[in-house]
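Feature list (source: TrEMBL):
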TRANSMEM  B:34-64  transmembrane segment
TRANSMEM  B:76-95  transmembrane segment
TRANSMEM  B:116-142  transmembrane segment
TRANSMEM  B:162-182  transmembrane segment
TRANSMEM  B:259-276  transmembrane segment
Amino acid sequence: MKQPILVTEHLSHVYMQGTPMEHRALDDVSIQIDRGECIAIIGHTGSGKSTLIQHFNGLMRPQSGSVIINGMNVSDPKLDVKALRRQVGLVFQNPEDQIFEKLVGDDVAYGPFKMGLPIEEVRRRVEWAMELVGLSFEEMKDRPTFALSGGQKRKVALAGVLSLQPKILVLDEPTAGLDPRSRNELLERIKRLNTEERLTVIFVSHNMEEVAHLADRVYVMANGRAVCEGTPRSIFSNQELLHTHHIGTPESVDILYRLRAEGYQVDPGAYSVDEAADQIAHLIGR
Amino acid sequence: MSAEFELTRNITIGQYLPTGSVIHRLDPRYKVTAFVIMILAIAVCNTYLGNLFALAVCLVMFRLSHIPLHYGISGVKPAVPFIIILAIMQLLFYGEIARGGTIYFQYGFVTISSEVIRLVVVSAMRFVEVIFLSSVLTLSTSTTELTHGMERLLGPLEKVKFPVHAFALIITIAIRFVPTFAMEMEKMMKAQASRGADFGTGEWWRIVKRTKDMFPIIIPLFNVALSRAEDLILAMEARCYTPGAARTRYAHYRATPKDFAAVGICMILAIVMLIIPW
């Protein structure tokens, strides 16, 4: 049943090797991600998350260790990187910066167009990708890109990657800098890509509510190492771990921990807003 | 291959290597003065021995400043094609100008004499020396120090209404943003490559195609640059920056005997370079 789609083994990376500014960004990282999973990668700034995900579509090649993605070995110098990048869609932080075409539709079409697809196929993919992120194709395709709101721009950028029809979608802090409404909507879209379009989703996040809400499994990175792995439930109920690696918790987990510290019988592992509310309601005897 | 997008690594301008050596701790005003003296001497010196001496001085400076020599060499690398083209040009066309010496070869307008060869070798050496020296200066001096130093040295020009401060500010900002934009560009290249872009893979004669390939990077980069400029203006105004107003300075430089000594040593070195015969 479980089919690994992305495996890294003993992956290490050193920046500026051989200079006084040498910096070990990844240190013996071994992770395994299965087809159809939704994975969160969390960790402090500078813990190596961004470096790690750049290995997933061949922007970086392993210095030591290996990365195998859907049977493709990223270390292989003869690897067809373009084919790899069609399988793994990588969405960078603030992806709206990368929009360069005058019209929304043209920008989304850039990737498929570069693949050399026939025009009808490009059009079909652009429509598919735009509808998927919640932009009406008919209404939006001829809008100028500079007149969009921040949330819309981000959706356009996301559609620009989705139009490659990747099997794995990798997102670096997808909701950073968005207002709460755009954030929630984008999260819903990402969730649906995972559940309905069967995309394997890997996302980096500092927002623990997001992690708790979306992820099937979580990898915790610290100092370039993958220090821990597990379901959000198991991660958030391990207070010691959270503390040593300076990882925040969702607010509900916070509340439950505080109640427990005060001597109440609560389970911080049951932290979804409903569960937490039930526990608290139980405590105050309703 | 893994360094495909590591642009920032290749840019040494504006990079500062804090090793805390004697040269790092010199007063920037005197350091820049000493640097100017050396550059002038190198520009004038046209003997083999003098240039060998200058090259040796450069190596000693690397040593003194605790900066690995490969920083200097990586600065020379991109200039190599240029040095070669220059050498060929001089070899072919300078027979008329650099007269004298023994003539080894003559055909039509091409005259290769010992003087021409001297010119070729000396200019190549000059190139390397100047790159080495400027590497030492920029790697051992933070950009703030450097512009403070230059501003002070240009100070007298204020008397003739030259906007010294504005000029220094422009230079600071320009240098400061080189690594920033290199980083932005790196990010943009990666983002577009993730969408299937490729850069510089077309045949070199298809200039239009290759230029078009750069649009997805250049256009966003302009956008980012403009918005950064706006942010910078706001940040400066929020801190009450007024163009043209007199400003006090946080860093006060006081010259020590060491600084005078540095300038003195450089002067002596420069004179030695110029009086070495042959």
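Placed from the backbone N, Cα and C atoms, the Cβ positions cover glycine too.
Those TrEMBL annotations? Automatic predictions, nothing curated.
The transmembrane segment (B:259-276) makes no contact with the transmembrane segment (B:116-142): fewer than 3 of their CB pairs lie within 8 A, with pairs spaced 6 or more apart in sequence.
Against the transmembrane segment (B:116-142), the recorded stretches B:34-64, B:76-95, B:162-182 differ in Cβ pairs under 8 Å, and the greatest number is found for B:34-64. Only residues 6 or more beyond the boundaries of the transmembrane segment (B:76-95), in the same chain, are considered here, and those with a CB under 8 A from a CB of the stretch are 106, 109-113, 116-117, 119-120, 123-124, 127-128, 131-132.
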